[in-house]
Amino acid sequence: MENNNKNKKEMESDISEDTSNNDEQHNSEDISDNEDSYNTQDSANVKHNKNKRKVHFVDEINPKRSKMELLKPPTAEELTNLQETQHLYKSHLFRFQMEEMLKSIRIKQKYKTIFETWFDKVKQVVGSLPESKELHLSASGDHLKTDYEGAIRFVRPENCTAVNMHRMFTVQETEIIVDVVISMPKVCFLEKDYLNNRYTVKCKHCLQYIRKKLQKAKLVDSKLAIYPTSQYALLQLTLPSSEKIKVNLHVIPAQNTFKLSRFEPDKSNLRSSLLNSFKDLDSNKIRDNGTPYYNSVLLHELTLAVNYEYVENTVQEYQSVKDAIQLLQLWQQKRGLHLNGFSNNLLNHVVLYLILRQKIYREMSSYHVLRNIWMFLHKTNWHQEPISINKNVSNDKFNMFRKYYDVIFLDKSDSYNLAAFLSLDVYMKVKNEAELALKYLEETDFIFELFKLNICPQVQYDALLRFKDVECANVYSTVEDSVKYKYIGCPQFLIIIQILKILKKGLSNRVLHIVPLEYNDIEGITFPNDITFGLTLNSANAFDNIEKGPPSNHPEGIEFRRFWGELAECRRFMDGSICEIVHFPTNTLHEKRQIFKKIIDFLVTKKLKLNNYQIISDVFEETLILENYVTPFPTGTGEEASLKVISVFDELSKILRGLTLPLSITGIQGASEIFSYTSLFPPVSTNYKWGGKMTSCPEDCIILKQKLGTIPKYVESIDCVIHLANSSKWPNDLNAIHSLKNGFYLEISKLLKEDHQIVSNIKLDCLYVFYEGLVFRFSLYLPKEVSILKKFTTLNGSTAFEETVQSVKIEKSLHILPKTIGALHGLQKQMETFGASTGLIKRWLRSHLIDECHISDIAVTLLNAYLYLRPTAYSRPNLPQVAFLRFLQFMMEFDCNLQYIVVDFNNEITKETLSDLDERFQTSREKFPPLFIITSYDMKDSLFSKSCAKETLKRMSLLAKTTFDYISSSFFKKNEVNNLLMPQSLNSIKELFIPNLEGYNLLIHIKPLMNPRRYQRLNYPNAESSKVQLEKYDKDQSTKMPVVDFNPIEKYLTELRQAYGNVALFFHDPYGGNVIGVLWNPAEQEEKEFKVSHVEGRMLKSNKLHLNTEAIIEDFYLMGENIVREIKLQR
């Protein structure tokens, strides 16, 4: 017993010490919102907390604590301790994930060996170069011009080093990039070689000479050596032994060759006569204005080796920092930030800055290092409060840099702005991405999306603006002279900045970020050919149809009219003010989503004077617009039709609640996806006439005639649920309850007709009401009916309750579904793109013949809702097309064996519930359906996705991958002006919605005129189509109940599945599809032994039972009489 107590005390002591050590580490690692509060607590406080936590831990396990003490609410200190424990848990979990991730993506040793072997040979060649060679500058075919003529004497380089060898150990999934620096002696340069491109031209000639020597030594393949069109003295090489390894070969002068102060932004080192792109500028004014960006290019080369060495020496002993840098670079690459001015060099200096300011410590875990870096990027504002590696930088110096640069981060020399080519919009995008990363870390315990998910531009930005063969002279002509002087020497960056300026001025607060994505070389010395910008819209203002300007009598008003031209007009507002505005008239949400495109069209054509451009944003939305469906009011992509239905439903609900019934109506809920704006084609209010060859009307209801050759258009009923006041008088017999429910339907129908002249029709289980040109289907929900269905008597005579098929069906359709629809309606109000994006997903999915039998509409809607509600590394989608593409990407990577879907609408699902569910899911996966979806209203049964088979999910994943890859490859085709996602290529987009019919065994072709939804079919190129004209609803002309929910194709499919569902699978597009794909069940095609249970659908052949496909096909014909046109046997 004593030994046990001793062991227990030792264990308690070890645990408490470990806990306190972890707390001490965490306190030293955490970072606050205020930059001054990054520092940790002092050692005395840590020691005090350590002892206190130890005693507190022992007290917690003391069994003698009273019940009242245990039930007391937690103190502030206990809540703080709990929060710290949660942070520690995240830190440890993150560390395990990070270690596994880095193992899988670290550079293989063979690549390190290849580079080191190659680099040793390069150093031998460079170290043995002859010194007597004279290099004539006239031999250069470079774009750069210089005022220096003659020859330079090549002197053997002082050294050759790989300044960032640590990048051989960092994460590079596609290629490995190493910077090699060759340092030339001071004697190779004259005192004023920094002027007029002399330095860069000399270095490039040295590079040419070195390249030839390396090529002679077979260390360089001439086909894989590239000189970028920039001012950097840079040669990009690909190793002959491995195309995965890229080397940037730099030639730089020895230290102290030039004074760095000579390159500060207010100094001028260029003349316009040497610049093809800036010949119109006055040389004297260039001297007065300075050449800040030309100077930055030179400073980058001059400080390259020194800065890299400083960074490497500082982080040498910080293993957690090294790991964090690897993940940061991966995070940076996945988002394309390293291509937009936020370079690896700048990122390394951010880490260096935090180390020097003691915001990062050696004892920190990688989790806290990353968190601190992201917090720093998110909270600081370099454009307002410049920072520097050196602590002793004066405000005067910062103010001098502010005159020339948008974003300022100085290196240790105080002369080089590391963020010189980082535009303000790109910087704000970096801040936003850091904020998203922090939020993602807080809301989830997994890091996949931050570091492994390829966030391509199509899903990262709401819209893409691409310029092809940019007419830079037109853009250059719009630039003010003062701006030209500022960017002299860097025409490519000037063009990008000017386009950004015009776009920002016109789009104003409609966009959050405009980020340049693709261009040749941001420091390029020639004008760019192609540029792509990514736009993130501001959902609060992007779709406003009025651009309000300043008062008309103000000078700003005159400038507003001058900028907008004929689009500007003067208007008086309700507050009496008279302001300049630009009005964009719209009728639908679809048109509102195109306002920003109209503005861009105006800015690009009128202000920038460019013609060859493309806006990639909403071409997929065209598939939601019925070309053959002429409605009495604009319906756009369906939102307006849904809104009209909801408005009419509210009116009818008010009438129903006002009826005098034995039990009052306490509530009416919508149970159709129309109420959540996710129905693909909501019904439209219109007149319904009868007569002719198709219909007649003997009473209040229109009926169909027999032997029709054409089926009238489909009329969809709108499901609704009625709740009655509670009563104890409901009988305990199901038949009696059903009779009473029908009695209520009769009474409601009678009162509607007598008091309000509203037509209705009663069925066994529902009431159809025709109101304002729409048909509503009302069902009564009685909790007692469900209770009786669940009730049964056990063998010992006691009463118990158990779910039955019928009780689950009623509970699902009349209780859980309306609640879910209500929550989805709320989601649509928060995210206006949700409904249209869900419609796009359904249009795509159903067009590939995956109908509701394979995965229900509500399950598809919940999958999309999950993408909107889950923690994600994306910003919210502001256009349906982006959400659709994200859904495709999600389905590509979704693994139903390892993942389940949690749709938590109002944060009602507790962490304990999820933890318990996760444990059961992992240990008993076979007990759950392939697609397991839980919601706030269905936490265990996944009622809406039980019918979805694993094969269906695999098919969806394959279709998603094929579609997404095709879109991505078409977007990134370099030599085509009109790519896939352009309005001109709408027919190409429609090809993505054409099903592949080659894999089916049978194709059942339906007579088009017997398809009541034929007008919903997507019109393919050269497809035959006829328009459907809907009249505006007139109460006097439409007084009869139309034929509702009549679709012979659906009835035919239901019969086929009931009769032959075990033999074959059936696929169909419910939105106008005229083909049913049939796929034989492979197990049923095998021959079987002769047994009575095996005889159905088979024939005897060689004493074995074989599937009688010919007889089954004949049955298909007979069951589809007057519907089926032909059945084709494919294989």
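Quick reminder: no glycine exception, Cβ is built from N, Cα and C everywhere.
Whatever TrEMBL says is automated annotation, not expert-curated.
According to TrEMBL, the compositional bias 'Basic and acidic residues' annotation covers 1-12.
Sequence annotations record features per position, and here TrEMBL assigns domain 'Nrap protein' to 178-316 (among others). The average pLDDT computed over the domain 'Nrap protein' (178-316) stands at 81.
Counting residues per DSSP class in helix, strand and coil order gives 72 helix, 5 strand, 47 coil for the domain 'Nrap protein' (321-444). Feature annotation from TrEMBL assigns domain 'Nrap protein' to 321-444 (among others).
Positions annotated as domain 'Nrap protein' by TrEMBL: 458-608 (among others).
Positions annotated as domain 'Nrap protein' by TrEMBL: 635-828 (among others).
Residues or ranges marked as domain 'Nrap protein' in TrEMBL: 832-980 (among others).
Feature annotation from TrEMBL assigns domain 'Nrap protein' to 997-1127 (among others).
What TrEMBL records for 1-54 is region 'Disordered'.
According to DSSP, the secondary structure content of the domain 'Nrap protein' (832-980) in residues is 79 helix, 7 strand, 63 coil. Here the domain 'Nrap protein' (178-316) has, by DSSP, the following mix of helix, strand and coil residues: 66 helix, 24 strand, 49 coil. Note: the domain 'Nrap protein' (997-1127) comprises 37 helix, 32 strand, 62 coil (DSSP; helix = H, G, I, strand = E, B).
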